[in-house]
């Protein structure tokens, strides 16, 4: 009996009923009845051998089932692990088997297809395992790949494998990397390269519709293509034409995959100088394809193409001729809306700079002079060659054509060996003249002899020809010219590249303060890269990112710290001493010309560096101290940087050597370098502030006593001598010195009083020596500045130190009284507890102390016996008499000092506030106006009720003609508004004007103002209507372009639907009060900038009566028409119908006027009479139209006018003027045949274009008429023209 044995896929398949002659298990023996069956099975095995399994298989199967059912838990897991190892062994055995010649196992020496299918099906089934791509499955995966490779190579499984790869990729996305590895192995190790062509062809033939239906399949295909391209790019090149078609498809993942394959081919195949012409053509074509997809519609594709270019640049595979073009595209992608694209563009630009082939230092300013020099040299060389007089013709040039024409061909043949011997004899000829004659003759003979000879003989003879001196000189000059041209071109390319980098820097620097962390990190890394290559303006980015050390985002802060470590805190040197000097030099360069904010940021970075336990710390501090004390000869800049760095990195060292610091910087030589004294005072101030914050009382008292002792022991106050010196840096030292006196001295008022007396005495003495009537203006300015500074810090001392001391004494007194008083009655305790809970006790005491301080400021500080009072009349006199006191420094110091005096009391402020605002408006010095704005801002905070009526004058400085004053004004007003000191009113429109300021930093400040204002609830929403009214006021004279730019930025803050709906109604209502056409246009433009929704559109329809009579103006009609275009995008059918109806209504009113358009209700009740030919076809004009458009008609208008039943005269509608801008011969709109009725509407428009043309080959003509006639004349003219045209056509 024959049996058909089918390999079961699982154990359960053995008990299923199969087909005819298919073996299945007939009976599963129960566990209790199994022993006798097993005995029979053993006996049959002994007698029959292995064939007994055919009869007793049920026994073996039953035993297996009962054995597996009894195993639980760990036994099952062990069996599974055992199967994994056995599976690998089976695959290895199969691989070894198939590598042998097994054809003899079959009758015809041909392996049966069923056997191959059995093995391959098992392999593909194993590949469907979800864990096959994991690392732990690598041995199994490799065995399967090699097993299939043998089957493909030896057993004709190529076609089946390619089909199976496509099928499995469609259903199992995780197999993309597995099959990419498999196909690369099959094509390289087994030499079956056709498999790549088959698989790629199958993928390339997939249409966009098929790929759209298979989302997971598309992802698997793209991953497979990309990974296969990275493994075998040289084998992908012959098949790339099949994949190029997917670049035009809708699947962006396929476009990404193809672009990545192109990148791999360009990096690893089509690179280098050894390419032939075909390879260069393919390379250029692939680069052009990648450049096209830098503008792909999908952001993911754009980002990946930029990454591909970054890999190409990093691999140095980009041709030099492509650098400028790709660089320009990358800079343009910095403006992309996608964050990923911007990040990729920054990475590409950084790669361009790091691997640029031009120079290690990229500065267009440094390249300009060498380029001009070499270009001039090239020009001179060209002129020299062009202007050179032509010499005598060489003999070969003269005699060769003559002899070749005269001598017949059959007489010119000679012996070749004889000619060669002649060249040897030529060397022995001494006479140059004879030599050239022989050269000429031999040259002719050579040509005649070898004209029909072999090329080899000719080449041999030509090599033996001696070069002429003229040719040698010419070749040498041409070589030099080519070298010079190459040099000039190199310098031009380098300069172009440097300019593109500088342009990119200006854009990327603005990204340092974006809200996206990843973009900021990329911008920081880019700034570091450009700084390392010494690109122009690169330091600006490094300084700009410095404040980011205070960022709350840890990633950004770490990126900035690491950037500064890489640039400045990573010294190179052989010894620690050399590294320390290098580090100090780098930090000193940063401190040069650094502002106070920059110094504070650097302090944070330096503390981060030294706080990490650097092994250079002690050596660096020693080098800094040597530079400051002058032990090592150094410049003044480095001495000042050293003392500031000491205050950052070694505060304990400075505290322990405070006497040395004061003696070096503030001693007898203080007048030699006031800047060093200033920086030393700033260092002491920073240390005392740190000590005070940390509440180190002992250290603070040590600093206080040390400085006070120095001031008392010092033979002269370091501040006083500078008053009578015309040193420009004295005031910058004086201000922190006075501040330090009030912070650390026990009796600062007494010290400052003596200081003022000495300065005043020195001033008067110095003045009496020069002139009794005129005092030195500079010295007087310095004296007044000292008075103002003392007055300011005296008030600060009273309100801070004295007030704090009063609170401390009150607290000690209360504690002492509580201890002395002892326990009180229960009622008194309850009352005191209630008062304490309500805060009455502390509040009353604090009010008493505050009132005491105010009385002292009001009555005592400016009393007659006080020295400060003596300078106030002088300050008022100098400020109120700018013509008499015209010295700039004196005026500046007096105005600043007067503002500091006004901080003392409300009475002084109220008396002089008018004078300060007069100075603010009328002073010709920008620095005075800027200082006055700052001072008035401080006074507004201190005395808001006094300054509130003058708010408008502060806003007026936003339109100052000097940028520095505008910048100061917007900065001060931003602080006042955001801190709720000033109420936000319509004057904010002055800040909005700064959004279009020509100075970029002022625009940034104004934008920051509105960004902060937007964080407050409905602030911008409440202000927008007033801002629009103020900016559209005709008296302001703002252009419509500037108005639109401002409104676009402001309306971007309106994001809530309810706010949009309300603004629609408010703006529509303002149409009623608007008086000029310009105001109508501005309101309409503002409406178009809103993110309109259905509710807003409904409100716009409800307010139809507000703006419908203004629709004849194009500036009103076009913005409202753009609203309908926005609403139509993605709208539902019902809402879209409403939008279309509204658009028709707008167009009808715009073209014919409101009075000639019937309402929708009347149109429904009284439909139009007449056929379809009488209906007017509405047409939407282009948005750029500047003049009213008129509806037109089609070809059916050219018919004989029919008499209407009504007595109304027919209406004529004419073509719009935009058709006049088209090319000559283009068809325009036709004349409506229904006649003329709308006379009033026609009279409104003074300018019309009438367009006539004939059918077929008739010429096109246009005639413009200016209509200012009465209606009868117009009607007669139109009629005659029309009838004449019809008659002309009929005759033709």
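Glycine is no exception: its Cβ is also placed from the backbone N, Cα and C atoms.
Ranges compared are 746-774, 775-803, 804-832, and TrEMBL records region 'Disordered' for 804-832. Checking TrEMBL for region 'Disordered' across the ranges 437-457, 458-478, 479-499, 500-520 points to 458-478. Residues of the compositional bias 'Basic and acidic residues' (804-823) grouped by DSSP class, helix first, strand second and coil last, total 18 helix, 0 strand, 2 coil.
Per DSSP, the secondary structure of the domain 'Condensin complex subunit 1 N-terminal' (69-161) breaks down as 70 helix, 0 strand, 23 coil. Per-residue confidence over the domain 'Condensin complex subunit 1 C-terminal' (927-1087) averages 89 (mean pLDDT, predicted model).
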